[in-house]
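Copied over from TrEMBL:
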DOMAIN    A:64-268  domain 'ABC transmembrane type-1'
TRANSMEM  A:12-36  transmembrane segment
TRANSMEM  A:69-89  transmembrane segment
TRANSMEM  A:101-123  transmembrane segment
TRANSMEM  A:143-168  transmembrane segment
TRANSMEM  A:199-221  transmembrane segment
TRANSMEM  A:247-269  transmembrane segment
Amino acid sequence: MAISRHKARLLLLGPAGLWYAALLVLPLAVVLVYSFGERAAAGGYAPAFTLAQYANLGSRWAAFKNTLVLAPAGTLAALLIAYPLAYFLAVRVNPKWRTALLVLVIVPFWTSILIRSYAWIYLLGGRGIPTLLADLGLGDWRLINTPFAVLVGIVYGYLPLMVFPVYVSLEKLDKRLLEAAADLGAPPWRSFLQVTLPLSLPGVATGSMLVFILLMGEYLIPQMLGGGKVFFVGNALVDLFLQSRNWAFGSAMSVTLVATMLVVVTLYMRFLKRIGAARDDIGVM
Amino acid sequence: MTAPTRGEDESQAPVIAEFVDTTKRFGDIVAAERLNLQIRRGEFLSFLGPSGCGKTTALRMLAGLETPTEGRILIDGQDMGDAPAHRRPVNMVFQQYALFPHMTVAENVGYGLRQRRPRMDRAEIARRVDRALETVRLSDFGPRRIWQMSGGQQQRVALARAIVNEPKVLLLDEPMAALDAKLRGEMQMELLSLQRVLGITFILVTHDQQEALSMSDRICLMGQGRIVQIGTPRDLYDRPANRYAAGFVGSANMLDATVQSTADGQARVALADGSSVTVFSAGDRAAGDRVAIAVRPEALRLSVSDSVDAGATGFAATITHKTFLGEHIECLLHHPVLGQLQVNVPRQAERSLPGADVGRTVHVLWDHGSGLILGQD
Ligand SMILES: Nc1ncnc2c1ncn2[C@@H]1O[C@H](COP(=O)(O)OP(=O)(O)O)[C@@H](O)[C@H]1O
Ligand SMILES: [Mg+2]
């Protein structure tokens with residue numbers, strides 16, 4: 001039985017299309033409409049057309065600030081840790097051990113992030129690392145419920161998501177290109193900057209997008225390791241929708257978050273494209 | 001100083017690169033064993049041998065991409081020791097080209113020049129890149145991306161990327177292997193004229209004996225990690241050192257024989273069927289020595305008459321296969337004692353052989369002086 005091209009396309013895209021329409025486009029449209037509304041007297045949503053919610057965003061500035069500082073910082077920190085690790089796994093390690101080591105990278109995922117975050121509460125809490133530091137005479141440290149704790153938590157949680165895309169791009173890099181670079185007179189560090197790095201940028205882009213977008217919406221880790229002091233937009237949203245029941249204001253915040261993400265991602269992609277297309281002497285004196 | 005001319009003068013040209021007892025092992029595998037070879041400035045030398053015989057390994061040791069397990073590598077009189085690849089005055093054209101996919105053609109070609117310290121002037125780099133692209137006839141292709149180039153064009157980009165650096169030795173690892181037959185022929189001609197124009201020493205790795213014969217000043221024939229014979233293409237073809245060399249470069253009939261007498265580099269030998277021929281003999285042979293004889297298929301003739309002219313030996317054999325190959329006809333014959341013989345009959349000679357078809361018994365004529373005694377092993 002022949003299926004027409006048209007039907008085939010419908011069959012292929014239908015399920016995903018329905019899914020996205022029902023669970024993404026529609027809710028987003030609702031949120032967008034709500035963001036111009038008001039809080040009903042008893043909480044929830046009352047129809048209106050006002051920009052009042054957007055005008056009020058400044059009252060939640062701290063949540064935006066934390067998110068916009070810690071999400072990029074977490075992404076960057078994850079990248080700085082993941083890149084050398086991925087490089088080691090893809091280029092340096094004896095292939096015999098590679099699979100085993102890759103499995104080790106994802107082993108933490110076998111335990112719920114909730115449980116692992118509890119572990120961090122202990123480690124960073126009063127009786128954990130600070131005690132150790134104090135006993136060693138290294139001074140009095142308060143770690144838990146600080147931006148640092150949240151940063152540690154998010155980097156720890158999202159590291160594998162950065163390692164894998166970078167690993168894949170480095171692994172498929174043709175090693176003969178590095179030999180060619182050496183043959184043409186490039187010392188190892190220069191061939192890294194001129195050949196390895198530019199050719200691994202797609203992996204870097206994928207990894208950092210993945211981590212950054214997830215971090216922008218992060219809720220659990222700031223909740224647990226920030227102790228209500230270091231909260232993200234996600235925490236503010238939970239508060240607005242579930243506690244103060246101000247759906248209109250919550251919607252305005254959500255819309256702003258999504259818009260910010262779009263802007264940042266677009267800028268970042270442009271930036272990567274530019275270095276990707278740039279000469280090979282980027283980053284080299 | 002002018003580039004040395006090809007031919008006789010070459011033996012006077014200074015040595016530009018040298019293997020001294022160079023051995024390379026990968027674990028238990030001996031990829032190259034005690035190589036001893038001097039390469040002269042301006043010469044075109046080929047490493048020839050079947051796949052896996054260590055040609056690439058030899059080349060990579062020169063480039064500094066492999067470190068010899070034992071022995072030394074000298075370039076222009078300097079012991080390279082552990083000098084890394086990026087400090088050696090040689091450049092390589094890689095087997096699959098290894099062009100940088102994220103750079104344009106011009107950026108690829110200029111890569112080596114951009115590595116120079118102190119830095120080379122940008123305008124100067126651009127000028128030399130243009131000239132190199134012109135040399136390989138890719139003048140207008142500078143801004144193109146690598147994936148926009150055909151296989152043959154990529155090959156020329158790889159060549160330009162190497163020669164632009166004016167290396168003391170240009171190393172080419174089977175550069176033509178991925179090209180189709182016609183393009184390969186053209187590229188061989190181009191490489192040859194390029195080498196004459198530039199006067200750079202070329203070392204070519206190839207498993208294609210035709211390519212090695214047609215292009216090289218000298219051929220270094222390798223087998224199982226060792227050098228089997230070094231010589232001009234004519235040396236290798238006319239005076240193969242042993243069975244392996246005779247069989248790998250061109251084809252040859254190999255026969256057992258017993259020496260009857262020797263004189264002036266010639267030997268009279270008796271073949272297994274009792275007939276005797278005069279052959280070339282390089283080594284010291286004494287009457288009674290059992291030796292192996294090689295004779296090229298084109299050195300033998302066929303005749304349908306029984307008359308054998310003086311100066312030739314003849315024996316009857318039956319034609320079992322005839323293959324038309326254009327310029328000649330390859331005939332396989334069976335002789336009850338000597339076994340299988342191959343005779344290549346030139347197109348023109350075919351007319352004087354009426355009825356020489358498969359199944360027919362004809363005379364194989366062996367002119368005195370054709371063939372030679374092979375060395376041992
Ligand atoms: N990096 C390597 N590790 C292990 N064995 C190798 C390596 N490179 C080459 N060899 C082995 O050395 C031998 C010679 O290889 P190579 O020089 O590539 O031969 P050729 O170029 O003549 O085909 C082969 O047996 C090959 O398997
Ligand atoms: Mg090879």
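Note that Cβ sites are derived from N, Cα and C of the backbone, with glycine treated the same way.
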The transmembrane segment (A:101-123) versus listed stretches A:12-36, A:69-89, A:143-168, A:199-221, A:247-269: most Cβ pairs under 8 Å: A:143-168
Top partner of the transmembrane segment (A:69-89) among A:12-36, A:143-168, A:199-221, A:247-269 - counted as Cβ pairs under 8 Å: A:143-168
Sequence-remote partners of the transmembrane segment (A:199-221) [C-beta within less than 8 Å, at least six residues beyond its ends]: 67, 70-72, 74-75, 78-79, 82-83, 86, 113-114, 117, 150, 153-154, 157-158, 161-170, 173, 177, 232-235, 237-238, 257, 260-261, 264-265, 268-269, 272, 275-276
